[in-house]
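Sharing a structure here in structure tokens format.
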Amino acid sequence: MPNPEPQSLNYLLDQIDKLLIFLERSQVQIQLAAIATVLVISAGLYRRLWKHFQQKFPLPLMLWQQDRPIGLQEYSIILIRYLTLPILNLLGLFILLKTWQSHQFINGLIVVAWEIAILHTGYRLLLASLCLGFAPKIVRKYQLSFFLPIFILLVCIRIINIAGNFQEILSANVLNLFGSPLRVGAILISSVGLYLWFVGVGIFQYLLLSFLTANNRVETGTAEATVILIRYFLMAFGIVLIFGYIGFSPTAFAAITGGLSVGLGFGLKEVFSNFISGIFLLFEGVLRPGDLISIDGTTAEVKKLGVRATTVKIAADNSEKIIPNQTFFTDIVTTFTGSDRIIRNSLTIGVSYDADPQKVIEILLGLTADNAHILEDPKPLAFLIDFADFSISYQLTFYLDDPTIGKTIKSDLSRQLWQRFAENGIEMPFPQYDIHLRSSNVPLAFPSPDSHPNSHADSEPRSQL
């Protein structure tokens, strides 16, 4: 029976059968058992060595969660952690390979395991080296999402080539889609390849943003907007390449995208609106992380500015709220930190008419001079603003470079002002009313309290003159 063509699905099934038959051979199973034994021994020895190392050299807490580049001492710990197990595996497999060769046993799988162990050592060395220039938390993140999948893919390719031909498997035709053959390679590229492309674009975005914002080379908002646009362009470029590699006909592609565009236009209208609004916000720089804003009467701090939504922290209860970006273009938003973080505050008080206005103003200005949080430029000012019914109204205006401490400073000033006024004999009066009686022919009778002992409980109160 002739071998199936590499372009058919039967060829793919035939390769799977060959691999299963290969694994059923006794010599193959013996080698696999020997390799597994070496790996188990290496893992056990590694755990004991690492436990002993931790007892002699206690590790810094949360070393793997550091969000900053580490020093040489911490790097040496990570280097030991990453390379100890691969080196033990290499040593064990080397001894196993030499033993097999000395007895002239078949050792093809052991050679493959040795090659994979070398690849694993290089993979771990790369990760350890990245920790020297980047935060371990970032390296750990991309280790799981990018470097580990690549390593697993390379290992799978090497294992498949033991009993088959990986290149021929990639060319096997699974089915026809819209008149175009869909091959294993196309499926692999459109799934694993597209995933790795997207994650790689994310890594590029992180590196480019770090470079642009380092030493304030570019304003943060502009840098974020530029990097995000580049990211989406590269993602779209990758999708186009995938469709080209798969071999979709332009007619089929146009039919699919045309139908989807109508549905997306209606269903994702708000999403696109928020996306465009986010791009404008990032480019214009009207909002930045750390800005203090007021929206719908609520004061909040901008924590994260994205292309779809903005995350703010509510000052009143320390909760977080996610606001769609188009809200900043359709509603009125007040920002306290637009051009700078300097914000004006005021304190209004009422003082007795008996007090010297000049003395009151001097006391008010003296309070600002004693407070380290109040800026000298713009300088504080004190005004006499109104002659009220019961007091003279004064207003103290001052400036702070931190919009979040305004209430605290006003409380401190009010408390100190009470003490200063008491020291200088200045009163802050409360409302008083004088009743003037004109002459009248009607005599006024004031009942004696003794004549109606319970009247205070059964009748409404009366004014006393």
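Cβ atoms here come from the backbone N, Cα and C positions, even for glycine.
Grabbed the feature section from TrEMBL, which reads as follows:
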COMPBIAS  453-465  compositional bias 'Basic and acidic residues'
DOMAIN    229-269  domain 'Mechanosensitive ion channel transmembrane helices 2/3'
DOMAIN    271-334  domain 'Mechanosensitive ion channel MscS'
DOMAIN    347-428  domain 'Mechanosensitive ion channel MscS C-terminal'
REGION    446-465  region 'Disordered'
TRANSMEM  28-46  transmembrane segment
TRANSMEM  78-97  transmembrane segment
TRANSMEM  109-132  transmembrane segment
TRANSMEM  144-164  transmembrane segment
TRANSMEM  184-208  transmembrane segment
TRANSMEM  229-248  transmembrane segment
Examine the transmembrane segment (109-132) against the transmembrane segment (28-46) and state whether at least 3 Cβ pairs sit under 8 A, considering only residue pairs 6 or more apart.
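They are in contact.
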Where else in the chain does the transmembrane segment (28-46) make close Cβ contacts, counting only residues six or more beyond its ends and a cut-off under 8 Å?
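Cβ under 8 Å, 6 or more out: 22, 84-85, 88-89, 91-93, 95-96, 100, 106-110, 113.
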Along the domain 'Mechanosensitive ion channel MscS C-terminal' (347-428), what average pLDDT does this model show?
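Mean pLDDT, the domain 'Mechanosensitive ion channel MscS C-terminal' (347-428): 89.
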Same chain only, please: residues at least 6 beyond the ends of the transmembrane segment (78-97) with a C-beta under 8 Å from a C-beta of the stretch. Say none if there are none.
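For the transmembrane segment (78-97), the sequence-distant neighbours (Cβ-Cβ under 8 Å, at least 6 residues beyond its ends) are 34-35, 38-39, 41-43, 45-46, 49-50, 53, 63, 70, 107, 110-111, 113-114, 117-118, 120-121, 124-125, 127-128, 131, 136.
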Within the same chain, where does the transmembrane segment (184-208) have neighbours whose Cβ lies under 8 angstroms from its own Cβ atoms, ignoring anything closer than 6 residues to its ends? I mean 6 or more beyond.
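Hits for the transmembrane segment (184-208): 12, 138, 142, 145-146, 149-150, 153, 169-172, 174, 227-228, 230-231, 234-235, 238-239, 242, 245-247.
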What does the DSSP secondary structure composition of the domain 'Mechanosensitive ion channel MscS C-terminal' (347-428) look like, as residue counts for helix, strand and coil?
34 helix, 22 strand, 26 coil
Please spell out the DSSP helix, strand and coil residue counts for the domain 'Mechanosensitive ion channel MscS' (271-334).
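Helix, strand and coil residues of the domain 'Mechanosensitive ion channel MscS' (271-334) number 18 helix, 25 strand, 21 coil.
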